[in-house]
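For reference, the structure discussed in these notes is given below.
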Amino acid sequence: MKRYKVVLLSGDGIGPEISEISITILKKLSKKYGFNLDIKEEYFGGIAYEKHNDPAPKETLDQCKASDAVLLACVGDVKYDTLPRELRPESGLLKLREALNLFANIRPVKIRKSLLDSSSFKKEVIENVDLIVVRELIGGIYFGQPRGEITQTKIKKAFNTMVYDSNEIERITEVAIKIANQRSKKICSVDKSNVLEVSQLWRDTVSLVASKENDLALSNMYVDNAAMQLVKDPGQFDVILTSNLFGDILSDLAAMITGSIGMLPSASLSNSGPGVFEPVHGSAPDIAGKNIANPIAMALSTSMMLKIGLNEIEAADDIEIAIDNVLSKGYRTSDLDNGNCQVLSCSEIGEKIIQEI
């Protein structure tokens, strides 16, 4: 019987609530499909700072490195915003990405037919949307050096560096090509090459790598136009390839196509070693403990972990089917309420999904 080691980072806010549902799902699937899961929970984010004065303790990172996959819920809380930057929960995410060399972030954006009425977009605009954002994750302006703050007399100055080398761009392009070859063989690379030298290198490198592929359709788009096109006609996109900063922004914009950011999973991957699978949404401390959070993005992230991280394809598909069945029966959490459905709590919608497996 196959055995997998999974590290759970339930984190902060609504994290423990949505994690509990995913763990129950995993336990049921492991029995159904005949594999063993060794699930070890570790401190991460704000809770890790409270316990260890570090949002990403060495023990946690070591356990993640030794695992087959990492399942992460969410981190953060406004109460940590006054801490030094390196102690904030969000800094833990950057440390985790660096420690595991997670250079590729994969965010699928797919509209479920039963949720067409829950989106703020018109039905005819989004009904065929099925795209993937491939975002470079450990380069660009979030990691570039030098960075910092300077005080000159009474004037404060802050600066960051947006930097990529051709190797970083090549490897993320290869990930996008691999995904595109399994889909429509169509990639839209997003940059700002009309004003940024780093974006010109991005465009040149992506074009060079893509030119070696047969039957691959590559287009280029400036990021401001890409944002407009995602709202105007999101169905035109299949695989969007972009840098760290632009991907962060565009993927959240694309999230609203689905009706709620509570519907979007993601995977962060390296060339070797474990990936991290997490919902796109934040920790939502304002609703933590109220049992009203949407656990579906976490469940879909669990599905991605099974499919990509553990190669348990049937088990992964089982989650997707269960979620579609629950939604098609009119069950929703409050963030998806369109006035014509049965609103359930976080635990209730989780139980419905578990029953469908």
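From the backbone N, Cα and C atoms, a Cβ is placed for every residue, glycine too.
Keep in mind it's a predicted model, so treat the numbers as computed, not measured.
Annotation source Swiss-Prot lists substrate binding site at Arg97, Arg107, Arg135, Asp224. Marked as Mg(2+) binding site by Swiss-Prot: Asp224, Asp248, Asp252. Sequence annotations record features per position, and here Swiss-Prot assigns NAD(+) binding site to Gly282, Ser283, Ala284, Pro285, Asp286, Ile287, Ala288, Gly289, Lys290, Asn291, Ile292, Ala293, Asn294 based on sequence analysis. Marked as site 'Important for catalysis' by Swiss-Prot: Tyr142, Lys192.
This view paints the features noted in Swiss-Prot onto the structure.
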residue : record                         : contacts (Cβ under 8 Å, 6+ apart)
Arg97   : substrate binding site         : Leu137, Ile138, Ser268, Val276
Arg107  : substrate binding site         : Ile132, Val133, Arg135, Gly247, Ser251, Ala254, Leu264, Pro265, Ser266, Val280
Tyr142  : site 'Important for catalysis' : Leu94, Asn244, Leu245
Asp224  : substrate binding site         : Lys192
Asp248  : Mg(2+) binding site            : Arg135
Asp252  : Mg(2+) binding site            : Ile261, Val280
Ala284  : NAD(+) binding site            : Gly13, Ile14, Cys74, Ala293
Asp286  : NAD(+) binding site            : none
Lys290  : NAD(+) binding site            : none
Sorted by position, what residues of the same chain at least six away from Ile292 (NAD(+) binding site) have a C-beta under 8 A from it?
Thr333, Ser334, Ser345, Cys346
For the recorded positions listed here (Arg135, Lys192), which one has the lowest count of neighbouring CB atoms within 10 Å of its own CB?
Lys192
In all the protein chains shown, the tally of other Cβ atoms within 10 Å of the Cβ of Ala288 (NAD(+) binding site) is 18
Here are some binding-site residues: Gly282, Asn294. Which one has the most Cβ atoms within 10 Å of its Cβ?
Asn294
I want to verify one value. Collapsing DSSP to three states, which class is Arg135 (substrate binding site)?
strand
